[in-house]
Amino acid sequence: ISAGVGFFFAFVMLVLTSLQSKFSRFAPSSSEEFTVSNPALDPGLVCCGIVSAWTWSATLLQSSTVAYTLGVSGPWWYGAGGSIQVAMFGMVAAKVKMNANGAHTFLEIVKARFGTATHLLFTVYAFICILVVCGSLLLGGAATVNALTGMNTIAACFLLPIGIAVYVVFGGLRATFICDWTHTIILFIIIYIFLFRAFGTSPEIGSVPRMYELLVQAAVDTPVSGNENGSYLTLKSNQGLVFGAASLLSGFAGVFCDQGYWQRASNGHPSGTTKAYMLGGISWFAVPWAFGSCLGLSARALQTNPLFPTYPAPLSAEQTSAGLAAAAAASVLMGKGGAIALLLVVFMAVTSAASSELIAVSSIVIYRTYWRPQATGAEIVRVSHYFICIWAIWMGCWGTIVSCVPSESLCKFSPLTLMIGVVLSSAVIPIVLTVLWSKLTRAGVLCGSVIGACLGMLAWMIGSYSGTINITNLAEPYSAVCSGLTGVLTSGLITVFVSLMRPSKYDFAGTRAIALLDAPSGGMCETADIKGTVKDVHTLQGPIPKTANSVSDLEKLGPDLDTKSRVCISAEAVSELTPMIVPIPMFFSRYIFSERFFAFWVACSIVWVFLSGSFCIILPLWESRVEMTAIMSEGFMSLKNLVYSRSNK
């Protein structure tokens, strides 16, 4: 089934690619189309792609696990810890469109500004990020497939990426966007089904009051350590607060070091890039909040139900660590149908996020940079195809290695996900300042990222020390917070301090001169300076289509360059609303939800997830209505002409 679904999408992409090549100017044989999807996408599809790419299997499984373990605070903190960065990335995306519009990767920007040494350092960071993400995806996906179907975990680790690689090779980045939209439809439909089943029609729960009653009893039977009165219905959760901080730090590293987000910053309309990221962050928040609250709380509430898989015992520490709370709840709520629905939605999450990582890893291959500087676009596409296949096989090997880690060494809260913050947090501020700050120097970037990483690792070990340092202690969220916070703060301070000792006066001319892969020799991509004027413009052969990032599009960023400040204000508002205004006062007030407030909480999650589904499903259709109508019209006319010519024969 795993391989079959991948090959099904490959067939769909082959058909869509043929239609696209025949009836539009786009073709994945072009390196620009393959790597950045000929940057002209509307905000709705970019938003959908962001939500899909950021919805890992861990998003669904881990948010349910923390709800099962901590109660209502878990999925809220999971969502808050992952949505803020996406919204704030809009500010960086706006600057990328202005100062490096021809760039396909953040590594190209680093290379153009700071040279080889810094480029190689951040290439290592980029590969580490993709490696950790791929491991997390396969670990959660394979564990769920094994639990629900009995399929061998190692077989799942290899079959999942192989099927994905096939359709990525066929369609490039545009394939991931189209499949992202398809996956997102399935994701939201299944979330809606689980919500209505748990809170509406299930004989085991069936209503909000019944869920509340069961959770109150669960607090009596199995109280939560560190929660107010051991309740699952409170945001006063010490473990939840630590988990939220760890998620926030790992989320920053996971977004700003992941090439997939930089590609999406390159393939949207300049006027809509920031909107796409703001919508993406707001929309994604609903996924872990609604899904985790539904299945995670259901698993805890149904723990004493005879239908519960481990009845009369709760889930073991090993089962909880593997993210099986969601599987247990789904099987009780909907029987085999629930197991199939969960398997499908986790498979969609794995394939969507993994396809994003595959196309990302193919774009950071340094083939042209160091081996063949004169390589053509067609040659780069061919090498990208090879590398996607190689990485898909390596993903299977890496997933197998991770899955063989002894279960007693794994701790709650998916340590592999939190490892992103431990390893990569020191790179976040140097990467952001590379795009935003003209005074940044190469010495500042190197010193900040390297020294910050060393201090972060040291803090990781100190934070985990409780008589001994072992894998279990290192995997605790508290250790991840110590490491991530130290890495972010020290790297930022060192980067700024060293840069200010001998500040640069960089005008971003070098990054604006980054050429398109398919451009003629010396050809550069059009960019705009911060005053809205156009510099260093060398158009490609032939007229630039209106839908591309042409001069008129980019000039909108000049007079609108308070876009940056508007995005900052919007991102700050989201940042304060999500983690501060709601949970912090309720944490310090030690408030335990009443039945009416719990009903309000559930209603808010349902409304939010319905709005998110509307943004991700309906908005791309509306934005693409003209193009879809044209393609369908052309296809109909071609079919009509074909039938007419055959009838004449």
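The backbone N, Cα and C atoms fix where each Cβ goes, glycine too.
Where the annotation comes from TrEMBL, it is an automatic prediction and has not been curated.
Listed in TrEMBL:
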type: SIGNAL; residues: 1-17; note: signal peptide
type: TRANSMEM; residues: 76-96; note: transmembrane segment
type: TRANSMEM; residues: 117-139; note: transmembrane segment
type: TRANSMEM; residues: 151-170; note: transmembrane segment
type: TRANSMEM; residues: 177-199; note: transmembrane segment
type: TRANSMEM; residues: 240-257; note: transmembrane segment
type: TRANSMEM; residues: 277-299; note: transmembrane segment
type: TRANSMEM; residues: 340-371; note: transmembrane segment
type: TRANSMEM; residues: 383-401; note: transmembrane segment
type: TRANSMEM; residues: 413-436; note: transmembrane segment
type: TRANSMEM; residues: 443-466; note: transmembrane segment
type: TRANSMEM; residues: 478-500; note: transmembrane segment
type: TRANSMEM; residues: 598-622; note: transmembrane segment
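Of the two recorded stretches, the transmembrane segment (478-500) lies close to the transmembrane segment (240-257), with three or more CB pairs under 8 Å once pairs fewer than 6 apart in sequence are set aside. Counting C-beta pairs under 8 angstroms (sequence separation of 6 or more), the transmembrane segment (443-466) fails to reach the transmembrane segment (240-257), with fewer than 3 such pairs.
Counted over residue pairs 6 or more apart, the CB atoms of the transmembrane segment (151-170) and the transmembrane segment (598-622) come under 8 Å in fewer than three pairs, which marks the two as apart. Per-stretch counts of Cβ pairs under 8 Å to the transmembrane segment (240-257) identify 76-96 as the leading one among 76-96, 117-139, 383-401, 598-622.
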